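Colleague: Before anything else, here's the structure in question.
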Amino acid sequence: MPSMKRRKLSHTPPQGEAEDGFSDSETSQASLQETPGNDEKIEATTTKSFKDLGIIDSLCEACDSLGYKAPTQIQAESIPLALQGRDLIGLAETGSGKTAAFALPILQALMDKPQSMFGLVLAPTRELAYQISQQFEALGSLISVRCAVIVGGMDMVSQAIALGKKPHIIVATPGRLLDHLENTKGFSLRSLKYLVMDEADRLLDLDFGPILDKILKVLPKERRTYLFSATMSSKVESLQRASLSNPLRVSVSSNKYQTVSTLLQNCLIIPHKHKDIYLIYLLNEFPGQSVIIFTRTVNETQRLAILLRALGFGAIPLHGQLSQSARLGALGKFRSRSRNILVATDVAARGLDIPSVDLVLNYDLPSDSKTYIHRVGRTARAGKSGRAFSLVTQYDVEIWQRIEAALGKELDEYKVEKEEVMVLSDRVGEAQRHAITEMKELHENRGKKGATLRNRRIGKGAKRSRDEMDREEG
């Protein structure tokens, strides 16, 4: 493909608006299904390149520079339909390439008719919003696309200034976007051409439904809308009926609880009191690999990170009680491999752009099968192999049986010699004592704020402020 010079496109804005130019990815057979209502059913096709899908040369070059050698299934099936001007429902797991599936058609349309406030992407969490924006900017680098990220936890005035610069793409969490729609003078989305709701099931799980309704009421009806979700719940069905026009459904998974064939999953049946020892044994069995360890609480995440560092492991915590800059810093260190172990609550289970994870360890089992699928989906991505281990104690048997039932199979137990494991007990015990001491100091130093590390969770009856809804608690 011939090399491209960096382009700048401009447009003539509507009367009263400032002139605005471009200034500064499952292994099963993909299927297209008919959605309930008036939407159509069409046959899946096979393509070999982004150009075959109808993507223009400059965007194909951007894909090539990012290492996108061939379209993933969700991209191959959804992009041609999007280019035809259809509304879409995309059912795809994390790691299927769905961000590029909606970003490429939007960028191509933007190049054809450039304008400010062209596209809006709604995401459930702050981290995912930043990642989507980064991917838009990377794919649109040759045309200098300009994005604004509008999420909670950041300064409203700075965001209002960014919106005043007339970005082409806005990536936002719903609560903070509605704040700006209600309070930022001169900001509106009346000229919007594209709306994307990413991780729609997660948006609704976080109770963004009423906020989404308010946002939808102020958007122009003449627009293209894409809804992407890992599952098609009744809530998601209601949302698509309210927001999409005659959509096509694109699905790349026939099984709600399907995992990829390149993922090897095992469990370890162990006594609860020895969980830390078995965890260290497993990490020693797979030295140097990139690992995500999932825990259930903020407190356990912090404790395990301290324990692992005391034993010489490059571990870093990620949870919802860290500041926004600390969370982004933790992700950056893990992506760059300056730390190879990420100890995380389920804030990292969905959507985060962590490309090469070799191993997922469920230190604590999730409470439901869907979360298990999202956790282990962090490995064995894009055709690569991966492993997932789950520590199952005497208190977890019922939950584990439910997970296996949802998967439709019993997972093999990973056999270890107990004597070999218990050799580590003295060293682990010393590290545990160190972690207890450091955690105590951490709580004392934070004073009242230390409560944020004491397993704080939002109960079903409790309400979070709109600004906090895009911040993961656990």
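Heads up, the Cβ atoms here are built off N, Cα and C, so glycines get one too.
Okay, so Swiss-Prot annotates it like this:
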- 1-43: region 'Disordered' (REGION)
- 24-36: compositional bias 'Polar residues' (COMPBIAS)
- 79-250: domain 'Helicase ATP-binding' (DOMAIN)
- Ala92, Glu93, Thr94, Gly95, Ser96, Gly97, Lys98, Thr99: ATP binding site (BINDING)
- 442-474: region 'Disordered' (REGION)
Colleague: So what's the mean pLDDT when you look at the domain 'Helicase ATP-binding' (79-250)?
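Modeller: Reported value for the domain 'Helicase ATP-binding' (79-250) is a mean pLDDT of 93.
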Colleague: Using all protein chains in view, find how many other C-beta atoms are within 10 Å of the C-beta of Thr99 (ATP binding site).
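Modeller: 25, counting other Cβ atoms within 10 Å of Thr99 (ATP binding site).
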Colleague: Which residue among the binding-site residues Gly95, Gly97 has the fewest other Cβ atoms within 10 Å of its Cβ, if you could check?
Modeller: Gly97
